[in-house]
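In TrEMBL this protein carries:
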- 5-302: domain 'NADP-dependent oxidoreductase' (DOMAIN)
- Tyr30: active site, proton donor (ACT_SITE)
- Lys58: site 'Lowers pKa of active site Tyr' (SITE)
- 84-102: transmembrane segment (TRANSMEM)
- His99: substrate binding site (BINDING)
Amino acid sequence: TWKSAKGEVGAAVDYALDAGYLHVDCAMVYGNEKEIGEIFKKKIGTTIKRSDLFVTSKLWNTYHHPDDVAKALKKTLADLHLDYLLTFFLFFFDLYLIHWPLTFERGDNFFPLNQDGSMRYGEAYPLESTWKAMEQCVETGLTRHIGLSNFNSKQVFFFHLSIQILCCCKLKIAHILKTAKIRPAVLQCESHPYFTQEKLVHFCKDNGIVFTAYSPLGSRDRPWAKPTDPSLFDDPLLKDIAKSKSTGVANVRFFFVLIRFQIQRGHIVLPKSTQKTRLKSNLEVWHFELSDEEMRAIGSLNRNWRACLPVIQLPDGTTTSRDAKHPFWPFAEEF
Ligand code: A2P
């Protein structure tokens, strides 16, 4: 539901649920959870069971203070009209992610700015303390799973080391320091053929974390797109593979290639659309298959190109990275 405008998102989710989509990926910062909630209210219990639906949302950067985490989740639950409906497993929510490892100034202004127009980061709370508050949301039944989004492997590693054992030979005792009681279930990051994230994906596999691919179609509707950016849509290999298939309408096959590329790698995939015909056709991807050779060829297109690097516009009209100066900026690491 990212980039899905108010006034459009409700109709899209309404249609998507009728068409057979079961996973709705939301976030408070997308500014459209209330409209999605109206659709959940209308459909759950009538056309769809709560237990058949999997809803994800995300903790925004201004709510990392441990005292704010459950409050933010409860606000999302209320907006989505899920605060009175228990899932099959007696939790209100399916999956709640920390949206970014970095913090903005605490408060309800999602994008607080400094006087010079740059982002006001505020205090960078230790990730452990925010994670502990996330764990409490599981313990109190607010959400069944918790996870991360836009974290690099080193930032995730902290959570992966769920129990550290320090042997103190002198005293012949073992101290067990619990850094995290609950491991992240999911890491949601950008992935498509120009940014396959091979190393991060392996890291997740090795650590039992499910990888979710956002922007699998290259996110051409991203707000900071430039005409000079690489375009998956002009890629001859992707076009040739799509052309060579007989399943599906010609121009739709291209999207099948991008979606199947993620599915066949074992990822959860979030292809975004607010258009009914596209929502419907993208779902027909189950009848389509890529051979091992095609998968390898598509994987070799990787050029470590990120489509999703948020920028902000300064008062003088120039743009600057929104987040790169934050001490927890995740993308300076290789993966
Ligand atoms: P729209 O929402 O107008 O349908 P990503 O999932 O990588 O973020 O990419 C989303 C972009 O891809 C949106 O611009 C969306 O447009 C477009 N899109 C999604 N499915 C299709 C499709 N089947 N054909 C053409 N464009 C599509």
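Even glycines carry a Cβ here, placed using N, Cα and C.
All TrEMBL annotations are machine predictions without curation.
Location within the structure of each feature annotated in TrEMBL.
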| residue | record | Cβ neighbours (10 Å) |
| --- | --- | --- |
| Tyr30 | active site, proton donor | 20 |
| Lys58 | site 'Lowers pKa of active site Tyr' | 26 |
| His99 | substrate binding site | 21 |
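On a Cα basis, Lys58 (site 'Lowers pKa of active site Tyr') lies 10 Å away from Tyr30 (active site, proton donor). A straight line from the CA of Lys58 (site 'Lowers pKa of active site Tyr') to the CA of His99 (substrate binding site) spans 5 Å. Reduced to three states, the DSSP call for Tyr30 (active site, proton donor) is helix.
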